[in-house]
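Report on the structure given below.
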Amino acid sequence: MLRGGPCGAHWRPALALALLGLATILGASPTSGQRWPVPYKRFSFRPKTDPYCQAKYTFCPTGSPIPVMKDNDVIEVLRLQAPIWEFKYGDLLGHFKLMHDAVGFRSTLTGKNYTIEWYELFQLGNCTFPHLRPDKSAPFWCNQGAACFFEGIDDKHWKENGTLSVVATISGNTFNKVAEWVKQDNETGIYYETWTVRAGPGQGAQTWFESYDCSNFVLRTYKKLAEFGTEFKKIETNYTKIFLYSGEPIYLGNETSIFGPKGNKTLALAIKKFYGPFRPYLSTKDFLMNFLKIFDTVIIHRQFYLFYNFEYWFLPMKPPFVKITYEETPLPTRHTTFTDL
C-alpha cells in the first residue's frame, strides 16, 4: 500500500487547484506533417512504480477482481458522477463543475452492485506537474492512472452531490466482454493526462492533445458497450474538461534529447524553470508568489510546456488561455453489427 510520508512525493489538492484557480479568474517552429490530435501512446505492459512516488490517499484500497457473470444475467449500467474530492470538501468543487466520473453495474441475479473508475495512482498534482529533484537532471514524473474495480456502490456519495442514474441494461455476456476489454485497456493505457489542448474555444477548433482521465475512461467504456450492441437511454450526460488554448504546438524532444549528456542545456533550464512554481507550497506567501509566477509565464508571456507521451512540447498560449467547461457528450449509438446476447 502506498502512503504519503513527510518526505513523500505527494501533492496537496490545493496545489493542483493553482492553475484551476487561474481558469476561474480568466473565465522552435510549428511541427509540419504532425497528426492532430497527437494520438495517446499505449504500452505493452504497465511498469512498476518508483518508491519515490507516494500517494497521500491509497489507490483502490477496496479493489477486487472483476467477477464472471452468468450469460443470462440482466445488469443495469449506472452513470456515476460527483464533485472531485467530495470526501474532503463536500459539494464545494461541484459549484465549479469539477466532477469525477465512474461506471456502476447492478446484477439482477445476485443483487450485487459494482463500481469501476479510473483515476490517478498518486493524485492529480503528480499527474499534472513533475518534481524537480536535486539528484535528477530531468523533471521527475509520478504519473500513472489505472482502473479500480470494487464491489458495492456508495449511493450517498454519488446521489448527495452528484448523479446516480441508469443509462443502459446489458446481459452478463456483454459484461464479461467489457471486463476483458477493461483489463487490456488498463494494461496499455498507463498514464493520466489532465489537459485538453485546443486552438480555441469555438466549435470546430483544432484539438492538439486530448485528455486521458476519469471521464475519458467512462466515455471509452460506453463506446465499447455500444460496440457490443448496448442501447443507451436518451438522457443528457455532461463532463468536466480543463482546456488549454494555444497556437500550433512545437515539438521539443524527449527526456534524453533535452536533459541527457548531449541535450539542450538552455531548453532544459527553461523547462525546469517553468515547472518550478508548481511545486508544493509551504505557506500562503509561497503559494501567492508561485501563483504570480504562473500568471506571468502563462498569461503575460504566453508560454506553457506540456509533457505528453513522455515527450515535451511548447505551447504558444493564446486567449482565453485556460478554461474549465462542463459540457454534454452524448451517449453513443448502438452498433448494429452486434447483438446483446
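Each residue, glycine too, has its Cβ placed from N, Cα and C.
What you see is a predicted model, and the numbers here were worked out from it, not measured in a lab.
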Cys148: disulphide-bonded cysteine as recorded in Swiss-Prot, out of Cys60, Cys127, Cys214: Cys60
Disulphide bridge to Cys53 as given by Swiss-Prot, partner from Cys127, Cys142: Cys142
Cα-Cα distance linking Cys214 (active site, nucleophile) and Cys148 (disulfide bond), given in Å to the nearest integer: 11
Cα within 10 Å of His100 (active site, proton acceptor) - qualifying recorded positions among Cys214, Asn238, Asn254: Cys214
Outside the region 'Membrane-anchoring' (287-326), six or more residues from its ends: residues with CB under 8 Å to it: 14, 18-24, 26-28, 38, 40-41, 96-99, 130, 139, 141, 191, 193, 195, 197, 200-201, 208-209, 238-255, 258, 270-271, 274-279, 281
Rounded to the nearest Å - Cα separation of Asn238 (N-linked glycosylation site) and Cys214 (active site, nucleophile): 13
Cα distance (Å, whole number) from Asn113 (N-linked glycosylation site) to Asn254 (N-linked glycosylation site): 44
Which of Cys53, Cys60, Cys142, Cys148, Cys214, all recorded positions, has a Cβ with the fewest other Cβ atoms inside 10 Å: Cys60
